[in-house]
Amino acid sequence: MTNIIVNSPLDQFDIKVFIGFVSPFIDLTNINITTFTVYSVFILIVILGLTLLTDNNGRIIGNRWYVSQEAMYDTINNMVSGQIGGKLGGYYFPLIYTFFIFIFTANLIGMIPYSFAITSHMVFIISLSVVIWLGVTIIGLYTHGLTFFALFVPAGCPLALAPLLVLIELLSYSARAISLGLRLSANTLSGHLLMVILGGLVFNLMSVSIVTFVLGFIPLAGILAIVALEFAIAMIQSYVFAILASGYIKDGLYLH
């Protein structure tokens, strides 16, 4: 039976196998149901459930779930309209909103004690950002052809500096494939490690004696403040991911 108790600060990031598949005919060693699989499906179920709860049954004023979903919808819609604009903004809005709501829900579920934070795994998030980067590059090449490479030539740059500036712009553009996901994953990973380590220290302090138990409430209040800050960061990072993805799409469409 899989142990779900966190024994060290890094245990919460460990991918555990729940069900493994074996076949005498083909190699299925890499096809397993893991914590990552379970939490990914659970996140999708939560998103679907919250979406179904937004049904206001024909009432003029919706329930609290409807209002919250509408607020997030309008926020992302306004952001995409401001970034991309026009009909193309409406075309790419579902994609950006999907990124936002999935990452936001995953971050909130990852805040539950003893849960598994899928956004802390750099392989997953960076893979997602690489796919976005490749998609934006393909969109740019399909829309503008060879003119797309004008994106790497700063306007009005001297001819003598053009090779150096083009190299810098090319490296900057290529780094987007990593930086988009690395920013989210690093913030999630560091925040969770900080809470677990500080929580463990306070727990050990409060376990020593009655005096340290009482004194432990002082750092415990600080940890609760950090937890509140992490909830805010969970929302901010999902919005930052969405706005950067939208900005990258804008660069591919308009070359600026």
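Note that the numbers count up from 1, one per residue, in the order the chain is shown.
Note: Cβ is positioned from N, Cα and C throughout, glycine not excepted.
According to Swiss-Prot, the features are:
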TRANSMEM  33-53  transmembrane segment
TRANSMEM  92-112  transmembrane segment
TRANSMEM  122-142  transmembrane segment
TRANSMEM  148-168  transmembrane segment
TRANSMEM  191-211  transmembrane segment
TRANSMEM  235-255  transmembrane segment
| request: Compare 33-53, 92-112, 122-142, 148-168, 191-211 by their Cβ pairs under 8 Å to the transmembrane segment (235-255) and return the stretch that comes out on top. | output: 92-112
| said: Can you tell me which recorded stretch out of 33-53, 122-142, 148-168, 191-211 has the most Cβ pairs within less than 8 Å of the transmembrane segment (92-112)? | reply: 33-53
